[in-house]
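Lifted from Swiss-Prot, the feature list:
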{"type": "BINDING", "residues": "Gly10, Gly11, Gly12, His13, Ala14, Gly15", "note": "FAD binding site"}
{"type": "BINDING", "residues": "267-281", "note": "NAD(+) binding site"}
{"type": "REGION", "residues": "217-242", "note": "region 'Disordered'"}
Amino acid sequence: MRGWNVMVIGGGHAGLEAAWAAAKFARVAVLVSNPATVGRMPCNPAVGGPGKSQLVFEVQALGGLMGRLADDTAIHTRVLNASKGPAVQSLRVQNERDAYAERAQEILLGHSGIDVVRGEAADLEPDGCGGWFVVTTDGRRFHARSVVVAAGTFMRGVTWYGRYSRPEGRQGEPPSRFLSAPLARAGHRLKRYKTGTPPRVRADSVRFADLLEIPADPQPRGFTGRPGPRAAESPTWQTHTTPETHRLIQENLHESPMYAGDIAGLGPRYCPSIEDKVVRFAHHDRHLLFVEPDGVQTSEVYLQGFSSSLPPALQDRLVRSLPGFEAAVIQRYAYAVEYDVVDSTELTLNLESRLLPGIFTAGQINGTSGYEEAAAQGLVAGTAAARRALELEELQISRETSYLGVLLDDLVLKGSDEPYRMMTSRVEHRLIVRQDNADERLTELGVKLGLVDEDTQRAVQAKYRRVAEGIRALQMQRVQGQTGDAWLRRPEFALEDVEALGFKLPALSPEEREAVAIRVKYAGYIERAERQLAAEDRARELSLRGVAFGEIASLSNEAREKLERVRPLTVAQAAGIPGVRHADISALLVHLRRTGNVSRET
């Protein structure tokens with residue numbers, strides 16, 4: 001019987017990051033049914049987007065893999081919300097689907113500290129000393145001090161094509177049949193969630209001349225600062241549904257397993273199927289769809305926004321009702337997948353089970369949707385699992401300093417009754433935790449945790465010294481009686497416009513130039529946000545002794561009930577109670593100010 005510090009079950013985006021992070025300082029095994037499926041992108045061939053790119057930049061800052069994989073295999077990059085402020089600007093990178101998985105497998109299989117074990121997990125058994133045995137379906141037993149379960153959509157997975165279903169974790173791959181049982185046996189409340197994927201269409205059957213072309217940004221961007229050589233090679237395109245599309249869907253809703261009642265699982269609110277869009281937004285006469293290549297030389301394109309569980313024969317008619325797709329040939333049909341998830345409020349903020357100490361969960365098993373959310377959780381769970389195995393101090397990531405902290409807080413303290421998607425609107429301090437400064441915020445933590453080496457830390461420190469030098473250069477020069485930073489603060493001026501006036505900057509990378517521009521243009525807003533955050537930090541020490549929580553009308557019912565039951569002594573303790581949300585903490589602070597009860601607990 002072999003043993004490791006950490007065993008990771010699953011090789012998707014969560015499992016990959018968990019193994020990579022844990023292997024920085026522990027012995028790791030990854031249990032997968034088929035090593036050739038590691039790192040696959042089963043849905044859209046892209047990384048990033050609003051709320052998601054911020055997570056990827058943070059994973060990168062903490063020594064993770066996703067940003068590196070995305071940059072290495074990029075074929076199209078765009079900054080979304082570029083006309084808006086830096087708090088919501090988000091990078092989206094289109095990837096070569098097969099190359100992404102191949103690169104992930106190359107890295108994982110080539111790591112000397114990671115053993116890849118082929119098999120299906122059937123059971124989890126405690127060893128009586130704080131560790132675990134992972135038992136496979138063929139009877140093998142593997143020992144680990146900590147286990148990360150990153151099973152994706154595979155736990156009792158069922159795929160649906162119309163009213164026809166079959167046991168699969170995703171198309172063509174068997175489900176994890178037994179892994180739900182030990183979790184349920186321990187008392188975990190399991191729920192059924194559902195997600196879906198669009199059809200893939202033969203590229204040579206599409207009339208691209210009839211589509212709106214969306215070029216890549218002329219200056220490719222990346223998560224690592226080093227986008228791959230093909231990062232601007234391919235455009236994407238846009239089409240839309242038609243009245244005929246909507247008519248076909250409305251007349252055939254009985255063929256949908258969701259609307260026929262066959263699927264009990266809840267689907268993602270922010271990534272609805274095309275059936276849901278037509279039904280829920282019946283007042284819209286069209287829905288925009290994005291046509292994305294699976295690679296530069298691929299024979300397939302992906303219909304972003306057209307996920308469906310309708311029967312294949314109907315999918316043919318639906319796709320051919322779209323402009324540019326009149327002669328389309330579907331190579332892979334859309335489908336829905338239903339699967340088990342745990343109740344994330346039964347986890348700690350390190351994603352460790354409260355019911356099974358030493359068992360960590362990450363990714364879609366925790367009720368999230370998206371590659372980026374999975375990768376972020378994988379990094380946390382893998383790091384925490386390794387630190388537990390080696391009896392090191394627990395990992396702590398703050399909501400106030402990262403999207404990652406918001407994700408953990410939301411999952412564990414709030415929970416979700418539907419697949420959770422990270423969005424910029426969930427983040428209270430988004431002007432402080434931007435995608436452009438993730439390395440500045442988190443590199444030091446990465447070094448402390450053993451995830452980032454000191455050479456990387458020195459490079460980040462040097463980067464921000466150059467940024468500071470750039471800002472000082474603007475402040476020290478004058479043209480027409482005004483300093484460069486004053487010119488740059490004008491809404492109509494970009495950094496290039498300031499340089500055109502004659503201001504000289506030191507040599508800076510594109511990322512450093514962006515950092516200079518953001519810090520100058522938004523200095524007042526950023527300083528105000530930092531003062532607000534500092535005030536909130538001080539407020540966490542305020543005493544709640546004697547507060548009548550039941551009389552505070554602005555609290556949510558759940559928060560009022562839990563605060564009355566737990567009776568926390570400080571605002572910080574109240575913030576740590578599951579079900580007490582950020583809005584409830586704000587309501588408590590308003591109440592304390594109104595009543596004059598602002599003493600600190602000492």
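Heads up, residue numbers simply count up from 1 along the chain you see.
Quick reminder: no glycine exception, Cβ is built from N, Cα and C everywhere.
Remember, predicted model here, so these are calculated numbers, not experimental data.
Projection of Swiss-Prot feature records onto the structure.
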residue : record              : Cβ neighbours (10 Å)
Gly10   : FAD binding site    : 33
Gly11   : FAD binding site    : 28
Gly12   : FAD binding site    : 30
His13   : FAD binding site    : 33
Ala14   : FAD binding site    : 34
Gly267  : NAD(+) binding site : 21
Arg269  : NAD(+) binding site : 15
Ser273  : NAD(+) binding site : 26
Glu275  : NAD(+) binding site : 23
Val279  : NAD(+) binding site : 17
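A C-beta separation below 8 Å, combined with a sequence spacing of at least six in one chain, links Lys277 (NAD(+) binding site) to Thr241, His284, His287, Gly305.
In the three-state DSSP scheme, Val279 (NAD(+) binding site) is classed as helix. Taking the mean position of the Cβ atoms of Gly10, Gly11, Gly12, His13, Ala14, Gly15 as the FAD site, the remaining same-chain residues with a Cβ inside 8 Å of that point are Val8, Leu16, Glu17, Ala18, Val38, Gly39, Ala150, Gly152, Ala362, Gly363, Ala374, Gly378.
Residues in the region 'Disordered' (217-242) partition by DSSP class (helix H, G, I; strand E, B; coil) as 0 helix, 5 strand, 21 coil. Between the alpha carbons (Cα) of Val279 (NAD(+) binding site) and His13 (FAD binding site) lies a span of roughly 32 Å. Ranked by Cα separation from His13 (FAD binding site), the binding-site residues Arg269, Cys271, Ser273, Glu275 are led by Cys271. When the C-alpha distances from Phe281 (NAD(+) binding site) to the binding-site residues Gly11, Gly12, Gly15 are tabulated, the minimum falls on Gly12. Cα to Cα, Gly267 (NAD(+) binding site) and Ala14 (FAD binding site) are separated by 20 Å. Residue pair Gly10 (FAD binding site) / Arg269 (NAD(+) binding site) shows a Cα separation of 26 Å. Cα separation, Ser273 (NAD(+) binding site) to Gly15 (FAD binding site), rounded: 27 Å. Put simply, Ala14 (FAD binding site) is 22 Å from Arg269 (NAD(+) binding site) when counted between their Cα atoms.
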